[in-house]
Every structure is written in C-alpha cells, then in structure tokens.
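These features come from Swiss-Prot:
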- 11, 12, 13, 14, 15, 16, 128, 137, 138, 201: ATP binding site (BINDING)
- 32, 37, 58, 59, 60, 86, 87, 88, 89, 93, 162, 173: AMP binding site (BINDING)
- 131, 134, 151, 154: Zn(2+) binding site (BINDING)
- 31-60: region 'NMP' (REGION)
- 127-165: region 'LID' (REGION)
C-alpha cells in the first residue's frame, strides 16, 4: 500500500503529478479543499464547525482540519492507499497527522517533494489560467486545452487568471509558501520518508522518477 504526501511550491507540478500517480496506483486523492466543501454541503458535525470559522473569515483551527482528515481517512474507499493534497501545511499539522495515521493503522509510506527554481515557478505561475466554470487549470506554456478556447473537462469557453497568479503577486506568495514548506521537508527528512525530485524536468520525466520511488513499495 502507498500512502503519500506530495510537497512542492505553487507551480511545481503537484497537480499533474498527482493525476498520474492516482491513475497508475489507484490511490484515493484527498484534497482538504474538497473535503471542506463536501463536509459543509453534507452538514456533518465537523463540516458545520469548519463553516462557522470560514463564514467569519477566520482560519479553520488545526484540530478541526485534523478531525476532518481523520473522518475522510476512515472511509472504506481508501483500500489501495491515499495521496494527501493540502494537508499538512505545518509541522504542527504533520504531528497531528502522525497521530491520525497511527490510530487508523494507515501510516505514511512516502513524502515526495518537487523542487523547482524560483524563476521557473514565477514563469509557470504567471502563465497559469483556469476555467471559470469548473476550475480546471491550464498553462500557456505547458498545458493548453486540447481544443483551443474550450475546457477539456466541462466544455466551457470562459477562462480567467487568479489574482495570486499575476506576476506581481507570485514572488511574495512563493516566499510565504517556502517558509511553510522548508520545516515540513526537515520534519519528514528526519523521519526517513522524504524523497526530493527535480521538478524542472518534463512532466513525463518527473513522473518516471516518482514512479521509480513508489514502485519499491509494492
């Protein structure tokens, strides 16, 4: 079984790598953003608690997020393993996750960090745009829709660029994320779980390197 966290700054290629990992290894992709939306829509106890913070414009406390993650990891669809997206973001959350995975007997097997030079990230992020309807992500450099002007996922013709993907905002965003990412990498390095992959390579080569690491777990 493979239980995985994929680390990397915005623009490092985590989304593309995640899709390929899920396709090959049939892991359950767990996104904290999706979990919050689902739990709030279903009005679960944790979902309503999270909503009370979000509605006031406050950050959801780590303990609430951790309960949501534990609830999701307890579901029966996680048979062949999971890939966590958006959690943990801090070492405090990493410690909470460690407790959860021990209780559920679903320990992490791998933490993979995609390393990309800051200049490359700025270039990639500034070229990123999204479908207004479904949120599918595209890139003017590396990932255009199959049919120009038409979203591959939903067929919409409306696209936009997020405010925080605009060049003037990107640099500051990367610095903030790196401050959060660096301690996490240290945390998992000490646990012997971390593998660093060169994210400057083509998506195919990045996945080839990830695949070489994960195939050792089977």
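Note that Cβ sites are derived from N, Cα and C of the backbone, with glycine treated the same way.
Beyond the ends of the region 'LID' (127-165), by six or more residues, the same chain brings 11, 15-16, 173, 203 to within a C-beta distance below 8 angstroms of the stretch. Broken down with DSSP, the region 'LID' (127-165) shows 3 helix, 12 strand, 24 coil. Residues 67-69, 71-72, 85-87 of the same chain lie 6 or more positions beyond the ends of the region 'NMP' (31-60) yet place their CB under 8 Å from a CB of it.
Between the alpha carbons (Cα) of residue 13 (ATP binding site) and residue 87 (AMP binding site) lies a span of roughly 17 Å. Cβ neighbour counts within 10 Å, taken over all protein chains shown, single out 131 as the most crowded of the binding-site residues 60, 131, 154. The distance from the Cα of residue 87 (AMP binding site) to the Cα of residue 128 (ATP binding site) comes to 23 Å. Across all of the region 'NMP' (31-60), the predicted model scores a mean pLDDT of 86. Neighbour list (residue 138 (ATP binding site), Cβ cut-off 8 Å, at least 6 residues apart, same chain): 128, 129, 130, 131, 144, 145, 159. With the fewest other Cβ atoms inside 10 Å of its Cβ, the least crowded of the binding-site residues 89, 128 in this structure is 89. For residue 162 (AMP binding site), the Cβ neighbour count at a 10 Å cut-off comes to 12, with all displayed protein chains included. The Cβ of residue 134 (Zn(2+) binding site) lies under 8 Å from the Cβ of 151, 153, 154, 156, each on the same chain and at least six residues away in sequence. As a whole number, the greatest separation of Cα atoms within the ATP-binding residue list 11, 12, 13, 14, 15, 16, 128, 137, 138, 201 is 19 Å. In the structure shown, the C-beta of 11 has more C-beta neighbours within 10 angstroms than that of any other entry among the binding-site residues 11, 15, 32, 58, 87.
The closest partner of residue 11 (ATP binding site) among the binding-site residues, by CA position, is 89; the full candidate set was 32, 58, 60, 89.
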